[in-house]
Amino acid sequence: MQAFVQFLGSNPYILLFLTIGLAVWVGKFSIKGYGLGAVAAAIVVGCLVATVGAAYGVKFHLDEFAKSLLYYLFMYGVGLRVGPSFVNALNKESINYAILAIIAPILGLAIVVLGTQFFGLPLGAAGGMLAGSQTMSAAIGSAEQAVSAGVLSLGSESPEQISAMIALSYGITYIWGTVGIILLCKYLPRIWGVDAKAAALEFEKAHGVPNVDDAGLTAFHPFDLRAYRVENPESIGKTVQQFRTRFPQYQVVNVERGDQLLGPSAETVLQQGDVVALGGRLEEMTANMGVLGPEVPDARALNIPLDQAEILVTNKEVTGRPLKTFRGSELAGQIQLQRVERSGVPLPIGLETTLQKRDVLFVTGLQPAVSKAGEIFGVIARHSSATDLLTLSFGMILGFLIGLIEVPAFGAKVGLGNAGGLLLSGIIVSSISSRLRFFGNTPNAARNILEDLGLIGFVAIVGINAGADLLTQLTGAIALKIFIVGFLASTIPPIIVWAIGFHIMKINPALLMGATAGARSHSGPAREAAKEVGSSVPWLGFPVGYAVSGVLLTVFGYFAMVLAH
């Protein structure tokens, strides 16, 4: 064992990725659905590895440059993810959710700062408690930035000791921070005496929102494509345009005459024996089965090339409109809306689902219809797995330049720093690229690498570097005080957010369950809330708060450190 520990001490890259791998493995374990997750496991595993090393006389220490670089990549990735929704939060439809997402982080920060001062907790505790109680691991990074930026008076304590206290406080408060918000989002309606299931059902009926979580894979398709042989005298001799005028609910997508495929030209005259591929809603297809003639299994006529695309909603004329207003459009029967995403979060698709700018529509249909849909709704973004590294590089440079900007305030110079600058530049780049879609492509998988590897790697290094000093910081009295402050910071803000949303903003309780989860930037409670009410409605209240609170909580680790001392 001694030789293995010394080997790790001599090979820091192996040490780092061993810690990351073990953290991901440990993070997969759960008890009744509750587990640490990879990020929390990274700091636990990192501290454990460092403690084992110290027991054998080897003090592990990984490079500060690598730690900072990983964190900066993560911050830029966060900006890319939340950018469009963060901008969307400024519109009037989303303002209530944005307000709730501002209230919760501020309350959490205030409780942590006051609790630290009341109990006289050591440096580093405030940053760790904020990160753990709000389950925002990224706040560890901004807390560390407060130490490295030199804005704190360290006194006799070393940066390693402060990092150890950040890690310790995070670990003590994280478990209740995770479990508590899930329990609150599930049971706050019951505490208030509200039937959230009935509220969700009422919203579904009023807005046509299906329970997509339970939909699964079914054989039902609302749109259909069938082939008919022209034998009805009323249709023989009519042009395709005349047929469309008489039956606007159908779309002629192909005409086969003998060995020729004539396509859906409006001027084509239908002749006896032609085979017409007809598209439309299923109920319409079965209502007038003899309008052309008998149905035939003509594979050649039905062999219609289909297209798939992601359409970014940018057209002002369609934003704010519910989906039901498009039912009678020329696209009916030619495209199928498979999914709607807002800030990367899938939304339930219902007749009253209202489109917002920068929503992404995933459609499948006839090639001309998909192109037409792109013109109507905004911009077609063809799927690409290639990452625009040029934009990524210049986006990172922009972030570092923003971080250099400092303004005089309160007798000192204040700026966003590198981390804040990268977060802001990520928001700017993703907001612009989501509008144009001609540059800056960063597929979800690539962005996930920036976020996951960046944060897990950063937290692992924090744990490794702090672990040797961890045991010297730990006493029963300090641990109890940290837990109390973390418990209050995790529990009080969601209750106040719920009360404001329910009594003042009059938000539907099912939506408010998701909004409360979003205000804590945690998807787990929204998922559990959806299960609790048996509906997807809570997800509709989630995306805006998730984006806003995610940005605030990420940077509040810095302010917790500064304000608490």
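All residue numbers here begin at 1 and follow the chain in the order shown.
Using the three backbone atoms N, Cα and C, a Cβ is placed for every residue, glycine included.
Segment annotation: Swiss-Prot labels transmembrane segment over residues 415-432 (candidates 415-432, 505-522). If you look at the transmembrane segment (162-184) against the transmembrane segment (415-432), you find fewer than three C-beta pairs under 8 angstroms, all six or more positions apart, and that falls short of contact. Sequence-distant neighbours of the transmembrane segment (415-432) (same chain, 6+ residues past either end, Cβ-Cβ under 8 Å): 68, 71-72, 75-84, 86-87, 141-142, 145, 149, 358, 391, 395-396, 398-407, 440, 442, 551, 554-555, 558. Across the domain 'RCK C-terminal 2' (296-379), DSSP classifies residues as 19 helix, 30 strand, 35 coil. Proximity of distant same-chain residues to the transmembrane segment (33-55), defined by a Cβ-Cβ separation under 8 Å and at least 6 residues beyond the stretch ends, is recorded for 5, 8-9, 15, 18-20, 22-24, 26-27, 137, 140, 167, 170-171, 174, 178-179, 182, 452, 455-457, 459-468, 470-471. Between the transmembrane segment (539-561) and the stretches 97-119, 389-411, 482-504, it is 97-119 that has the most C-beta pairs under 8 angstroms.
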